[in-house]
Amino acid sequence: MKLRTNAGPLQGTIQVPGDKSISHRAVILGAVAKGETRVKGLLKGEDVLSTIQAFRNLGVRIEEKDDQLVIEGQGFQGLTAPCQTLNMGNSGTSMRLIAGLLAGQPFSVKMIGDESLSKRPMDRIVYPLKQMGVEISGETDRQFPPLQLQGNRNLQPITYTLPISSAQVKSAILLAALQAKGTTQVVEKEITRNHTEEMIQQFGGRLIVDGKRITLVGPQQLTAQEITVPGDISSAAFWLVAGLIIPGSELLLKNVGVNPTRTGILEVVEKMGAQIVYEDMNKKEQVTSIRVVYSRLKGTIISGGLIPRLIDELPIIALLATQAQGTTCIKDAQELRVKETDRIQVVTDTLNSMGANIKATADGMIIKGPTVLYGANTSTYGDHRIGMMTAIAALLVKQGQVHLDKEEAIMTSYPTFFKDLERLCHD
């Protein structure tokens, strides 16, 4: 598709879709909680729809009523063996978390994904789940999907130190631990997003978080809840950056989730000189509205414990850095290489093709700015965040056209992205 270029100031108010991480977990926990769970504000992107369909195939009744998702949970014993393969589409979250959940079930299941998901490493969950007594393996020396899993009603608790910073691996172990008899401990390398821990407690589960160590004594039962999903900060990030780099822009981003394990991008842009104001902050619900205006920015260093708190925002932060004065260094982000694409290489190649000055490194990027961006032929490579980054970059282009291939990938997390973009350009 041909992207909008040479945009004037962006003006208006935006309500971004529901948080993808919280939406997944609301469905997963609701499916094994006892009673009727109702979810408001659920993201209806393709990834979350894959999770919903998986649980329907596992015998859970899920339907939409009055703009809410209603899940009829029957507890951990309420799942039934699927009559078909579980297709997780493009969703690594679906595959890894549901594998952890099914670890304690007395049946066998095969889990598959699309071409992109089939290239993403699964050994990171295979090893701990095998230690708990699950028969699980992937193809190509257990590394990649499809996954074949035979659950075990008699799971063993484990103490597991994560070799990488991964909320998905942590979550898979905790979901299995809810069904294991005894004490399971997960020790993180760096603190990652904690939605699973918070939502297990919200559903009546018990665990202890002590710094980087999470302790859970199982087995436990969960109780149905009413969940309101806040706006996704990872989706809001695209408008945050657009407002900062397009001269004359002023945007109000409504109802954005600001869980502290996800707000690294806000700290980074403020350090770079961004003018942002928080309105209607609700610290208990971890939700705020964010007013952003065009700002002159300077380069920075992004590394260490900050990386897990903004890992999904690094592509759009890279674009931001192309418009900042000076050099921005992103380090310790090697996990980007095993996302939907090798995001280090794809971000570098895409933005450099438009005139940016970015050098890819083994674990990040070195970005020099500011640079003028020009038209180019680009692709999402099947990665939703690459597609949205490119669409925001195109708004700065004053010479040439920007063509984007495989734009349908954006449906994964933000089905109304282009509709919202057009509205902000016209408000």
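FYI, residue positions are counted from 1 along the chain as it appears here.
Cβ atoms here come from the backbone N, Cα and C positions, even for glycine.
Bear in mind that the values here come from a model prediction, so they are computed numbers and not experimental data.
Straight from Swiss-Prot, the features:
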- Lys20, Gly92, Arg120, Gln168, Arg343, Arg385: phosphoenolpyruvate binding site (BINDING)
- Lys20, Ser21, Arg25, Ser166, Gln168, Asp312, Lys339: 3-phosphoshikimate binding site (BINDING)
- Asp312: active site, proton acceptor (ACT_SITE)
- Message: Using a 10 Å radius around each Cβ and all protein chains in view, which of these binding-site residues has the most neighbours: Arg25, Lys339, Arg343, Arg385?
- Response: Arg385
- C-alpha spacing of Arg385 (phosphoenolpyruvate binding site) relative to Asp312 (3-phosphoshikimate binding site), in angstrom: 8
- Message: I'm trying to understand the geometry here, so how far is the Cα atom of Gly92 (phosphoenolpyruvate binding site) from the Cα atom of Lys339 (3-phosphoshikimate binding site), in Å to the nearest whole number?
- Response: 9
- Among Ser21, Ser166, Gln168, the most crowded of the binding-site residues [Cβ within 10 Å]: Ser21
- Task: Quick one: of the binding-site residues Ser21, Arg25, Ser166, Lys339, which has its CA closest to the CA of Arg120 (phosphoenolpyruvate binding site)?
- Result: Lys339
- Nearest by Cα to Arg385 (phosphoenolpyruvate binding site), of the binding-site residues Ser21, Arg25, Ser166, Lys339, is Lys339
- Message: Let me make sure I understand the span of the 3-phosphoshikimate site: among Lys20, Ser21, Arg25, Ser166, Gln168, Asp312, Lys339, what is the greatest distance between any two Cα atoms, in Å?
- Response: 19
- Message: Using a 10 Å radius around its CB, how many other CB atoms surround Gly92 (phosphoenolpyruvate binding site)?
- Response: 21
